[in-house]
Amino acid sequence: MPDMPLRILVETIERLELVTARTQLVAFLVNLFKQTPPEIIDKVVYLVQGILWPDWKGMPELGVGEKMLIKAISLACNISEREVEKTAKEIGDIGKATEKLKQTAQSKQTGLTIFAFTQQPTGLTVTNTYNTLVKIAMAQGEGSKDLKIRLLAGLLKDASPKEAKFIVKFVEGKLRVGIGDATIMDALAVTFGGGVANRPVIERAYNLRSDLGEVAKILASKGIEELKKIKPEVGVPIRPMLAERLSDPREILVKTGGEAFVEYKYDGERAQIHKKGDKIWIYSRRLENITSQYPDVVERALEKIKADEAIVEGEIVVYDPDTGELKPFQELMHRKRKHDIRQAIKEYPVKVFLFDLLYLNGEDYTLKPLPVRREALEKIIDKTEDFTIAEYIKTSNPEELEKFFLEAIGNGVEGVMAKAIHKDSIYQAGVRGWLWIKYKRDYKSEMADTVDLVVVGAFYGKGRRGGKYGALLMAAYNKEKDVFETVCKVGSGFKDEDLDKLPDMLKPYIRDRKHPRVVAEIEPDVWVDPVLVAEIIGAELTLSPIHTCAKGVIKPDAGISIRFPRFIRWRPDKRPEDATTSSELVEMYQRQLKKITTEQATQEQL
């Protein structure tokens with residue numbers, strides 16, 4: 001089987017770590033992909049992503065802790081574990097320490113200078129490296145710890161110093177290349193897809209299969225036409241369609257084409273339920289397999305979905321069985337427990353509110369208009385009180401929309417979702433657009449809605465908060481540039497227990513310099529990988545010379561910021577790329593400005 005030296009991948013990774021411009025990142029990836037045999041391009045894509053396989057597959061993690069890693073390095077370099085720990089402490093990076101220790105150990109063995117040895121080829125290839133890492137992950141049960149150490153030590157022993165650094169960083173989960181899926185798709189389009197004009201074909205395939213390695217392999221080996229044939233597959237999560245937001249019923253109906261389905265927006269966990277015969281899979285909006293958390297939903301889905309094969313989407317919400325009252329999203333956290341799930345079912349019972357159908361008995365429904373999808377959904381669901389269709393109306397009247405919204409708020413939900421129902425109202429997997437619009441208001445704030453922002457840095461607290469983190473640097477996602485742009489520094493809204501948990505939450509993501517995908521002019525005390533998402537509210541959107549969100553779009557040398565930002569809650573159900581986008585904040589700011597101007601004109605007339 002065709003293969004490629006690991007050295008080529010490692011050299012590319014090193015180059016990628018030194019640049020931030022997307023054009024350069026794409027150029028380096030294109031060069032790498034051109035050298036990669038189609039048979040192994042899936043493995044190359046996974047390794048660039050820093051994974052062995054997509055998370056949704058539910059495969060084991062590597063399971064190598066720091067002590068095991070140190071033991072493997074000591075065996076590979078034929079030195080004591082204490083020496084490994086000492087070097088890692090001096091350098092502050094166990095990957096770089098491994099590189100140095102390999103250079104020293106192997107130059108002694110060969111008599112070559114350190115520089116000369118770094119140039120020596122090794123026998124490691126992408127395939128044997130990937131396969132060994134898979135063996136490490138799959139080693140389970142009695143004796144697995146020693147087996148993992150031996151396998152990793154053997155891999156490091158055969159590696160060059162630079163390859164060893166790469167392997168250690170991969171095992172640590174700290175392969176911080178700064179490349180998002182969007183950048184990889186750009187490179188695939190240029191290399192195999194006939195140019196960026198065919199990028200939408202690649203993106204749709206990825207949004208339906210949620211596996212960039214698989215998409216790359218089909219594209220590289222069979223071409224763009226084969227990729228166009230991809231459709232949903234039961235058991236493989238589809239990336240969820242996302243909504244824009246507005247706070248004016250008239251504007252909402254204009255955007256949806258004059259008419260819409262308007263449905264309750266429940267404060268629960270978005271879930272994609274797959275059925276194939278007597279098998280059920282449930283995936284979260286982050287594509288995590290959450291089937292084990294909801295055995296009660298599995299039972300209902302098997303009984304109530306009247307189809308051999310189907311993919312439906314809805315919201316899982318905790319409720320009070322005595323009063324029927326719907327509970328907030330946070331209550332679902334109790335379902336995350338791995339033990340006593342039956343007890344959790346009794347204490348935190350759930351209802352399922354379905355709102356879409358994506359696949360039915362071999363037929364792709366994502367390309368059908370919403371009314372067709374909804375009609376088919378109604379036909380296959382045997383509705384009960386705890387497994388039903390989301391409450392909705394069809395309207396072209398803004399007053400009726402507002403009345404339904406107020407009714408929804410009164411019934412304890414977050415707001416409503418307005419969804420276009422014209423002939424082009426397809427299900428846009430993985431896309432945020434105007435076919436779906438959130439209408440949701442926080443009456444305690446001048447801001448029309450909360451926003452979801454990504455943590456990119458942290459500041460140490462003062463006074464009562466001394467000795468721990470007191471504030472976080474938050475960023476929005478710029479989809480066009482595939483970067484995160486700072487919006488605000490948030491230090492209020494946190495409970496003491498929130499602040500107490502911050503060090504442990506941030507520890508896996510702390511880095512010694514700004515992440516390549518973060519655009520910031522403000523310097524926090526600690527930089528953080530853009531991973532954690534939080535819901536934020538504020539008094540209003542404003543312009544700031546120190547924040548980079550949509551900088552220069554509204555006003556030269558000024559970005560969009562939030563005045564008096566306040567932490568609401570963590571959003572573990574959202575990926576960083578699901579955060580509020582820079583373009584959304586531009587639209588929110590412009591609507592806010594329009595509202596203020598209108599109110600001022602009214603006051604002047606009075």
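Backbone N, Cα and C define each Cβ position, glycine as well.
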**Asked** GLU263, ARG270, ARG285, GLU315, ARG432, LYS438 bind ATP in Swiss-Prot, but which of PHE355, PHE387, PHE404 does that record place at the same site?
**Response** PHE355
**For ARG270 (ATP binding site), the number of other Cβ atoms found within 10 Å of its own Cβ** = 17
**Message:** For the C-alpha pair, I'd like the distance in angstrom between PHE355 (ATP binding site) and LYS265 (active site, N6-AMP-lysine intermediate), rounded off.
**Reply:** 10
**Asked** How far is it from LYS265 (active site, N6-AMP-lysine intermediate) to GLU315 (ATP binding site), counting Cα to Cα, in Å?
**Response** 9
**Fill in**
What DSSP gives for GLU315 (ATP binding site), in three states, is strand
**Asked** Can you check what DSSP calls ARG285 (ATP binding site), collapsed to helix, strand or coil?
**Response** coil
**Request:** Within 10 Å of each Cβ, count the other Cβ atoms, then let me know which of the recorded positions LYS265, ARG432, LYS438 comes out lowest.
**Result:** LYS438
